[in-house]
Amino acid sequence: MSVKVKDLLKMSRLSQEYGDKVLLEKEIKTSDISRPGLEMTGYFDFYTPERIQLIGMKEWSYLMKMSSHNRHQVLLKMFQPETPVVIIARNLEIPKEMIDAADEKQVAILRSKASTSRLSGEISSYLDSRLAERTSVHGVLMDIYGMGVLIQGDSGIGKSETGLELVKRGHRLVADDRVDIYAKDEVTLWGEPAEILRHLLEIRGVGIIDVMSLYGASAVKDSSQVQIAVYLENYDTQKTFDRLGNDTEELEVAGVRIPRIRIPVKTGRNISVVIEAAAMNYRAKQMGYDATKIFEERLTDLISRNEVKHD
């Protein structure tokens, strides 16, 4: 997914100080951000002009101590055609020489009131998520009690219908049919809908419905962490399904593994309620409460007491 300079302006902390529509269309190709401290001294041997250049109090103070001529020369070297944007933190004053260099090299300038370190973290996090490689999977992504649950299964098993029932029960739809997933870091998956399918659900026999229009803004969510996967499959008497919850299965997406639960589907089962319980049970395990272990402890204790009685 490409990110353009104009996309940064959607962040409430940034305002445009220099640059026309053409400059705002420049692509940002890396999430790395440069703090051009050494460059201010004239050392450009390992300069990376393709990065966003972020100027904070230290860089600005050094720059302002220079003569107007030297300041202009340094900024001309720092502003390159491949530089996507220069950002000024702490709402610092923008010297005339910087505007002149930006005009000559055609580089946009943005400014923010935020501190340099906080601004750097926010922009890096935003770019990491936008520039991360996406993996598309078939399924329905729901936010259930704050847990991101990916519902998968064979075509026609009832994934979208289950998603609709969960929406009616107060949960939120993130994506239906195609879920775009990316690794936010080494252990965290994040999912979002394809833009053309945002807020939409396809129900066989009914067609496409707009969940936001029918159920309101509280029924949808633009993105969510993916914490657990649920796989729906037809009930088979010849197949053994996990009854205690101690059989661990995992789904790997984008190099990150998450737990996956297989749920048999047959007439009379309320699948949406089962998925709710699965989400709450997973959260309980994350908080250190494992019903399976408690059952095993009770069973072991009962067996021990029975053995004592027989002795």
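Placed from the backbone N, Cα and C atoms, the Cβ positions cover glycine too.
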The annotated region 'Important for the catalytic mechanism of dephosphorylation' range in Swiss-Prot, which must be one of 30-35, 264-269, 306-311: 264-269
Long-range Cβ neighbours of the region 'Important for the catalytic mechanism of dephosphorylation' (264-269) (under 8 Å; 6 or more residues past either end): 153, 157-158, 232-236, 239, 241
Secondary structure composition of the region 'Important for the catalytic mechanism of dephosphorylation' (264-269) [DSSP: H/G/I, E/B, coil]: 0 helix, 2 strand, 4 coil
Which of GLY153, GLY156, GLY158, all binding-site residues, has a Cβ with the fewest other Cβ atoms inside 10 Å: GLY156
Densest Cβ neighbourhood among ASP154, ASP177, GLU202 (recorded positions), 10 Å radius: ASP177
Rounded Cα-Cα span from HIS138 (active site) to SER155 (ATP binding site), Å: 9
Neighbourhood of HIS138 (active site) by C-beta distance under 8 A, where only residues 6 or more apart in the same chain count: GLN152, ASP177, ARG178, VAL179
Between GLU202 (Mg(2+) binding site) and ASP154 (ATP binding site): CA-CA distance (Å): 15
